[in-house]
Amino acid sequence: MDLDPLVLSRIQFAFVVSFHAIFPVFTIGLASYIALIYGLAFKTNNPKWERLGAFWTQVFAVVFGMGVVSGIVMSFQFGTNWSNFALATSNFLGPILSYEVVTAFFLEAAFLGVLLFGRGKVPNGVHFFAALMVSIGTFISSFWILSANSWMQTPAGVEVRDGFYHVVDWSAAIFNDSFWYRFTHMGLASFLTGGFVVAGVSAWFILEKRDTELHRKALSMTLWLLLIIAPLQVFVGDLHGLNTLKHQPTKVAAMEGNWETQTNVPLLLFAIPDQEAQKNHFEVGIPSMASMILTHEWDGEVPGVKEMPRELQPNVPIVFWSFRVMVAMGMLMVLFAVTGLILRRKKAYARNRWFLQGLRLMSLAPFLAVLSGWFVTEVGRAPYLVYGQMTQAEALTPSLTGGMALFSLIGYITVYACVFAAGAYYLTRVIRAGTEAAEQHDDNKHRAKRPLSAAEADFD
Amino acid sequence: MSEPIFDLTYVWAAIIAFGVIMYVLMDGFDLGQGILFMLAPSEQDRDIMMNSVAPVWDGNETWLVLGGAGLLAAFPLVYSIFLPALYIGVFLLLAGLIFRGVAFEFRFKAHSSRYLWNWAFAIGSTVASFAQGAVVGAYIQGFETENMRYVGGALDWLTPFTVLTGLGLIAGYALLGATWLVMKSEGSTQQWAYRLVKPLLAAVLLIFALISVWTPFVDPFVAERWFSHITPIWLLPILALACAFWIYRSIQAKREGTPFIATMGMFIFTYLGLLASKWPYVVPPNYTLSQAASAHESQLFLLLGLLFVIPIVLVYTAWTYWVFRGKVKADQGYH
Ligand code: HDD
Ligand code: HEM
Ligand code: HEM
């Protein structure tokens, strides 16, 4: 195999962005949770909320720190590997990404310091306010970046002159056709991530019989939240899919594994899509169900992948299976949220070992769902980068050679592996140290204003 | 690339130029701590060095991100030619910054593995500084472009000249770091920092002299600009040298804050001299500022927002500094 800079750049981009994505979804959800806890602490003056807040703030500090370092890499990727894309779309993406920096990143950075190190230095109300500002910052950040990404999926408000996109209508470009769906779906995904991680960690503490009362309380609260947002996510996901059907029918066809445009399309539970033969093997499905979901009629017509010539088709197996993983995780989440409701009687949810063990495992589910969701979105858009207008091949940096791309790919994998193994190790240390440790170190004066330094557990 | 009623290109050039020097000065002194890190006599000195920059390091990183995004917004051609041309260098820069960033965080928690994080911090900072210096050299050298695309090779940027500019910036950042430490520390750490300044100043002057002599040979345009006639820009190197002398004097007199200020002055005048050498070319030798600029509507759209947002950003940033006012003392180490 010779070194194709395009393939290598795609792998590299998928690797670094997936890596980055893990951290924001968690920080966005957790920031809101922390703001909520400090809000309760402020209102009730109950020290147990302070303790819980301090514990999760430590976890937050580590995850946020890793989000920042991996994010900085992202902002240079566009230029290093996709310079033709960067140049052509700069009139839109440049201002959008700059707005993200000035409206979100500075806000997060400034109030993060007060959130992490301000306890005791500022009044409790102000500390709560800082927590709130950080969480708002994370949402502003996702607003801009998802606008940029949605625009690449459903470009609007621009015209092309001499190979450059020129913005003719800013609000049409920013609030493009898929933006609100993506923003809502991603926002809920972040809450689900925060929620399931908190639930999983609380369940672990309960199983370990440590600080049980506090974690039972936290678990109960979180289960109520999940009961609302898990089903809501399924509903929003459905709307998102219907919208995609309108704008990117081929992507939906790939998600459904539907090759021919036809009526009475079954909902496939299992299949092995074969891109070469342009058909599926071993199909197992519910008759006419996909037609029903997508068109609300049993005999509704659903577009097929073959509408597009072979070279304009996305990789069907990846899209098909990623979509199934995401939906399966979504359904599992609903299942756990509802089970939590059933176990409400006599607080059985805090005693049932099966349920608690299950919750521990479920803390990985949102990450799986988020990554596979992005794989559906991004691989399903292939071979386009700006949907219908610019392909990945056109976007590639012209001077990039296979050797350069291989060098940086191996480099990033090595650097990330070292650094993030250390980070993950450290995170488990923080969690093991538990809420009890968070209480002992209430005096913050001796520490500097750095994210990870807020965490108290020792490294080794 | 468009026909505006009034041209914002120069406003944006000023904003970006300001952003770059802000980044260089701010990240410069904390990269400097990393460069000098392994030379420090004791582990306690290292604690103090790290503590002295820990509170400000966070914000500096955001300036770099703003630099990247701002370039994409205002001068996309610079963004889309520099990054491909410096592909390997950019990777080294980012890898250096990552290692250095996490070393900041983990070093204080580590006991038996502490020496590893010490080296990660030192090497990460040095590599990142070298890469930045090499970028400056590559900018002076110019880029091989065709039809708004970079067409040169992967290692064109790495020449004896850019190695020299890379070393020059390492020395420069080390000087900034040493004078910063003079200001921020006391006792034996400060004495050590005082001793560093003169040799570092000598190294910086030597390398800068070499670069100044070499540059006109690298680029005839620069030679023409500086030597064809008497020009007011001759003042810039004179002022930079005056600052160097000021550093020397203030070290002799054992001043605490002045050496740092004087070093910043030296950086600023050198930087202005560099800008004057190349003006108005941003992607030498082919593209000027206006050729590299983005569409007028985009420049305007962002500028209007900035006018509104930046004051707010400054207010709350100042507020957080006020919350954390006061010195970090030697005995306030981490556990
Ligand atoms: C939905 C949310 C989301 C998505 C899709 C992305 N990010 Fe992100 N990013 C965030 C949400 C976020 C955040 C929540 O704001 C972070 C995470 C942790 C943090 O420190 O801030 C962040 C950090 C972060 C930083 C560091 C900020 C700092 O210095 O404080 C940069 C430069 C980027 N991101 C850039 C990107 C780019 C170029 C992306 C696209 C390819 C991207 N992010 C996807
Ligand atoms: C943060 C969550 C995200 C994840 C997990 C993600 C994942 C991916 C994946 C897996 C690919 C590879 C597709 C393929 O090669 O077929 C890809 C491509 C791409 N995505 Fe995303 N993406 C995310 C967000 C974004 C955002 C916010 C943007 C832009 C603002 C973006 C821009 C791109 C670009 C430019 C490519 C082209 C490179 C390529 O095709 O591999 N992505 N992404
Ligand atoms: C079970 C019901 C769900 C359905 C029907 C659903 C539907 C969809 C669809 C159709 C897309 C692709 C949209 C496009 O590319 O145009 C998508 C993307 C995505 N999904 Fe889901 N989803 C579900 C559950 C979840 C869950 C539980 C999570 C995470 C906790 C999640 C996270 C994501 C993410 C991060 C993306 C990529 C970003 C985006 O395009 O919005 N989804 N989802």
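Note: Cβ is positioned from N, Cα and C throughout, glycine not excepted.
Those TrEMBL annotations? Automatic predictions, nothing curated.
As written in TrEMBL, here are the features:
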type	residues	note
TRANSMEM	B:12-40	transmembrane segment
TRANSMEM	B:85-103	transmembrane segment
TRANSMEM	B:115-140	transmembrane segment
TRANSMEM	B:160-183	transmembrane segment
TRANSMEM	B:195-214	transmembrane segment
TRANSMEM	B:226-248	transmembrane segment
TRANSMEM	B:260-281	transmembrane segment
TRANSMEM	B:301-324	transmembrane segment
With a Cβ cut-off under 8 Å, give me the same-chain residues at least six positions beyond the ends of the transmembrane segment (B:160-183) that come close to it.
25, 28-36, 48-49, 52-53, 126, 129-134, 136-138, 140-141, 189-190, 193-194, 196-197, 200-201, 203-204, 207-208, 210-211, 214, 218, 247, 251, 256-257, 259-260, 262-264, 267
For the transmembrane segment (B:195-214), find every same-chain residue at least 6 residues outside the stretch whose CB is under 8 Å from a CB in it, and list them.
36, 39, 161, 164-165, 167-168, 171-172, 174-175, 178-179, 182, 237, 244, 247-248, 251, 259, 270
Against which stretches of its own chain does the transmembrane segment (B:301-324) lie, if we need a Cβ under 8 Å and a gap of at least six residues from its ends?
8, 11-12, 15, 55, 59, 73-74
